[in-house]
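Per Swiss-Prot, these features apply:
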- 8-10, 34-35, 56-58, 61-65, 132-135, 139, 142: 4-CDP-2-C-methyl-D-erythritol 2-phosphate binding site (BINDING)
- 8, 10, 42: divalent metal cation binding site (BINDING)
- 34: site 'Transition state stabilizer' (SITE)
- 133: site 'Transition state stabilizer' (SITE)
């Protein structure tokens, strides 16, 4: 089993949509970035890439490349999924936290989880997303930006096939002996 951790921060600005977990969240401010600046998906991608020892999103999707300008981070997550699979890993689980003073994210969490699960082709039960504030402290508390942290676990295909109970919780394509 391999574990990865991801962290990302983006500044809140006027004139941009707030996209978190592939969901357009109603808010007066949005996140500044080269892509759609989806801080949640960026943290998840970094966790996945880290667990597979594949670097980080800056390596794969540099902000100097015009091909990624304004791109949906869900598209980038698809590419990360393919890199993970090509290296022989399946995703066991993802746990992520969004840190934002505003807006309240509870109404959007379930759709965020579904978007991540659908894009990664895993069960929704393998994805957990939480939201919290920093009680008006720091840059997130002052509503200057939003941060996200994520952790994931991956299992190699062979290791997963040897697990008791029918293999890993990934694609469902293999079964334990």
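From the backbone N, Cα and C atoms, a Cβ is placed for every residue, glycine too.
Projection of Swiss-Prot feature records onto the structure.
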| residue | record | contacts (Cβ under 8 Å, 6+ apart) |
| --- | --- | --- |
| 8 | 4-CDP-2-C-methyl-D-erythritol 2-phosphate binding site | 39, 42, 43, 46, 147, 148 |
| 10 | divalent metal cation binding site | 31, 32, 33, 37, 39, 42, 145, 146 |
| 34 | 4-CDP-2-C-methyl-D-erythritol 2-phosphate binding site | 63, 68, 69, 70 |
| 57 | 4-CDP-2-C-methyl-D-erythritol 2-phosphate binding site | 42, 45, 46, 49, 76, 80 |
| 62 | 4-CDP-2-C-methyl-D-erythritol 2-phosphate binding site | 68 |
| 65 | 4-CDP-2-C-methyl-D-erythritol 2-phosphate binding site | none |
| 133 | site 'Transition state stabilizer' | 99, 100, 101, 140, 141 |
| 134 | 4-CDP-2-C-methyl-D-erythritol 2-phosphate binding site | 99, 101, 140, 141 |
| 142 | 4-CDP-2-C-methyl-D-erythritol 2-phosphate binding site | 101, 136 |
C-beta crowding around residue 42 (divalent metal cation binding site), within 10 angstroms: 28
Residue 8 (4-CDP-2-C-methyl-D-erythritol 2-phosphate binding site) - helix vs strand vs coil (DSSP): strand
